[in-house]
Amino acid sequence: MINVLVVDDSAFMRKMIGDMLDSEPDIHVVARARNGKDAVEKSLQYKPDVITMDVEMPIMSGLEALTHILKSHKIPVIMLSSLTKTGAETTIRAMELGAFDFIAKPSGSISLDIDKVKHELLDRVRIASKVPLSKLGKISVRSEPLQISATQAQAKPTHTIVAIGTSTGGPKALQTVLRQLPENFPFPIMIVQHMPKGFTKSLAERLNSLCEIGVKEAEDGEILKKGIAYIAPGGYHLKVRGVGTSVAIRLDQDELVSGHRPSVDAMFMSLADAKVKRVIAITMTGMGSDGKKGLIQLKESLHTIAIAESEQTCVVFGMPRAAISTQLVDEVADLDSIASTLMKHC
């Protein structure tokens, strides 16, 4: 039985989410809390397996409560956030501080269509309950970015494109990897992080403020430039097309691929059809198998170096496991070593 603490300042939402979870035979809501202070006290009293936490609350916010809870004992915390700019920014910060994952409320803080996220919430709670507690917590990153030679830095942007795919645990993983890359990193980086619209922009802005390389939300038609990481906007596939001797971004809202939009498979498959000499494909922590089909296509089509995150450091070893199962992965690396593994191929 998975014991859950539900935290929300809205009595309506506490009942809605609590009843939704309690209706499942393997989940039991042990308590409900009305604010962050109440959540901290009840987390100590009931010692739940998983906590669902509203981001914006009076007395003590979800962010403050998360910090207090993770200081005393590690519990997987799933943040529930409104689709506002402030909500998105706070959620990204919560992921840095050690939240397991987040779910976007469909339309504001109080919503009758919370049922739309029922499947997603149940999925997250079940997976969170199985995550080793050692994998929860703040990001620790080496203080200085890795160095690259002047010769390596002069590589042509269209020679190699780095493509990274990730899902659950991705915001922390991306920060760990990208913060280690130097300002003169010689290739463009394309990133698919499974995340709703609005949150990807906040993620890009946060990473850009922390990294030496540039990080931005991808825009349709822009030319890929070295030393810039482009994050797929929520709700859009991130693809490429040739423009003369350059490569440009193509965003579309075609059908879901492998259950997602943006999809890692869609990005990898688009690169497989592009006129680039080499792709470095990196698969990191995440549920499911998105990226597996695309990796096979990449390997069949052009020179591809495939790197996967190790089971030891993945929050969820789903997508990397699927990539490794193809027997096409060249290197498996712990999260802290992915950047240095990538730099070897510059």
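Note: Cβ is positioned from N, Cα and C throughout, glycine not excepted.
Note that TrEMBL annotation is computational and uncurated.
Per TrEMBL, the features are:
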type     : residues : note
DOMAIN   : 3-120    : domain 'Response regulatory'
MOD_RES  : Asp54    : 4-aspartylphosphate
DOMAIN   : 155-346  : domain 'CheB-type methylesterase'
ACT_SITE : Ser167   : active site
ACT_SITE : His194   : active site
ACT_SITE : Asp290   : active site
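Non-local neighbourhood of Asp290 (active site): Gly165, Ser167, His194, Val257, Ser258, Gly259, His260, Ser263, Val264, Asp265, Met319, Ala322, each in the same chain, at least six residues away, with C-beta under 8 Å from its C-beta.
Model confidence over the domain 'Response regulatory' (3-120) is summarised by a mean pLDDT of 89. According to its DSSP assignment, His194 (active site) is coil. DSSP assignment over the domain 'Response regulatory' (3-120) gives 56 helix, 26 strand, 36 coil.
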